[in-house]
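According to TrEMBL, the protein carries these features:
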{"type": "BINDING", "residues": "119, 142, 144, 146, 221, 223", "note": "Mn(2+) binding site"}
């Protein structure tokens, strides 16, 4: 008798309705696994990110998914919606479960697509990726650097310290940011002098910063986009990018890194702070483009 695949995923992931774009299939049948992580216990602002996976799925059901330029349709992309992991309060329990799922998915050769949740969810996924692949480059779209040593006071593990912990704890990790715009003096100093941390100011320099032979994980904090387009965030930061600029960068990354991209997340959508559900709709549209383009070849 063959051993069942994805035992940790199947133990903890709970079915949801609706699924992303109404997708119905099994992880074994797909090239990518979409997983909701309803978690906001390390958010330092207004909580509510735990509601995002459901709202983003609901928004996806109202979107058109066909791209006439490429002739591709997100509904035909080879991914499954595995559901959500349970709502957890303890970040350590969340990290243990999510890392176990991530290791299974990465070891199977499939892509993991994580729908947060606050930005802490990136931490266990990237740590698991490094265990499986060795060299990993983490491409970050975020208004903030998330490189604080503590935030809030005496809190070492939060959505504001996630990149600092990864930089310190994961060997062979490169962190590459595109045009962050909000940072403390402490964070800027760390980024400036830490080997393996790169801040790119253009899409071209971002792409040229990628290292061949490293697997790539992409993390998108929705507050990278200007609050005019994404008001539903806990820590809005003015003077951000338009959605089209983010999409241009993602398309360039996918084109350059197809075959090396093994995971991606979208985090920090907060439906409690949204206006007319437009932030959830934006996240759903990003998922449509990412899954369509990433899984097209």
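In case you wondered, yes, glycine gets a Cβ from its N, Cα and C as well.
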Check your understanding: Around the Mn(2+) site (119, 142, 144, 146, 221, 223), what further same-chain residues have their C-beta within 8 angstroms of the site's C-beta centre?
Key -> 140, 143, 145, 159, 224, 235, 267, 268
**Study point:** 119, 144 as binding-site residues, winner by CB count within 10 A
**Key:** 119
**Study point:** Nonlocal neighbours by CB distance (under 8 Å) for residue 223 (Mn(2+) binding site), same chain, sequence gap 6 or more
**Key:** 142, 143, 144, 230, 233, 234, 235, 236, 237, 240, 268
**Study point:** Helix, strand or coil at residue 144 (Mn(2+) binding site) [DSSP, three-state]
**Key:** strand
Practice item. Measuring CB to CB from residue 221 (Mn(2+) binding site), give everything in the same chain under 8 Å that is also at least six residues away in sequence. Key: 119, 140, 141, 142, 143, 144, 146, 267, 268
